[in-house]
Amino acid sequence: MAKPRVVFVLGAPGSGKGTQCEKIVQHFGYTHLSAGDLLRQERNDPASEVGQLIHNYIKEGKIVPVEITCGLIEKAMVKSGKSKFLIDGFPRNHDNLSGWNEQMGEKAEVAFVLFVECPEEVCTERILKRGQSSGRTDDNIESLRKRFNTYTKETVPIVRHYDQLEKVRKINGGTGRTPDEVFEDVKQMFQ
Ligand SMILES: Nc1ncnc2c1ncn2[C@@H]1O[C@H](COP(=O)(O)OP(=O)(O)OP(=O)(O)O)[C@@H](O)[C@H]1O
Ligand SMILES: Nc1ccn([C@H]2C[C@H](O)[C@@H](COP(=O)(O)O)O2)c(=O)n1
Ligand SMILES: [Mg+2]
């Protein structure tokens, strides 16, 4: 049987990764797995042995150790029984990348990285607005500053790594572009 096809979706906090993933799911039949959502779900499970650890990492805008995140991703992939995945918000740092390569390198095919570009001011405005109703413990200015710092220091180098492998497809998710306008560009990447 063919290996599952994976598209990683990266971009700054609030750049619109989740929004575009929803549209890709509707149009192209991918299964959307958000690493952040999987971690929040695990954190909220009272029986989880790593719930408190995840809570602390998320609040500090730090990246949870890959053994936990990649374990959750693989479990969700297997459980879905599907073969085309958008993995949103992963790999976020070198630990994520090496852990993925070790655990999943032989089991899945990374087709490309969809990189959603968006200026920090626009992302900040979106996240603070989302924070009024999201219930997310990290949609506040203190956590957001830490998340941006982690993004710049740890995630941007991962995008560069995939760029060197010519695997990055970049879209403009920024200023004054509605989600539908952004999706018009995204479509080109999937057709
Ligand atoms: N093009 C856009 N124009 C205006 N608002 C947008 C656009 N795209 C997304 N949004 C809004 O911005 C907020 C952040 O979007 P989204 O949740 O998709 O970002 P994200 O990259 O997944 O963020 P995070 O990394 O925090 O999970 C949401 O409230 C969403 O509705
Ligand atoms: N690979 C990942 C993805 C997410 N996290 C943690 C840390 C993030 O700040 C938080 C929220 O992620 P988002 O929903 O904004 O993509 O989840 C992580 O540790 N590792
Ligand atoms: Mg998201």
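Yeah, the Cβs are placed from backbone N, Cα and C, and that goes for glycine too.
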Identity of the ribonucleoside 5'-phosphate-site residue among Arg126, Arg147, Arg160 (reference: Arg40, Lys62, Ile63, Val64, Gly89, Phe90, Pro91, Arg92, Arg136, source: TrEMBL): Arg147
Other parts of the chain folded back onto the region 'LID' (129-139), taken as Cβ under 8 Å at six or more residues beyond its ends: 14, 40, 55, 58-59, 61, 147
Entries of Gly14, Gly16, Lys17, Gly18, Thr19, Arg177 which, being binding-site residues, have CA atoms within 10 angstroms of Gly89 (ribonucleoside 5'-phosphate binding site): Lys17, Gly18
Pairwise Cα distance maximum in Å, ribonucleoside 5'-phosphate-binding residues per record: Arg40, Lys62, Ile63, Val64, Gly89, Phe90, Pro91, Arg92, Arg136, Arg147: 21
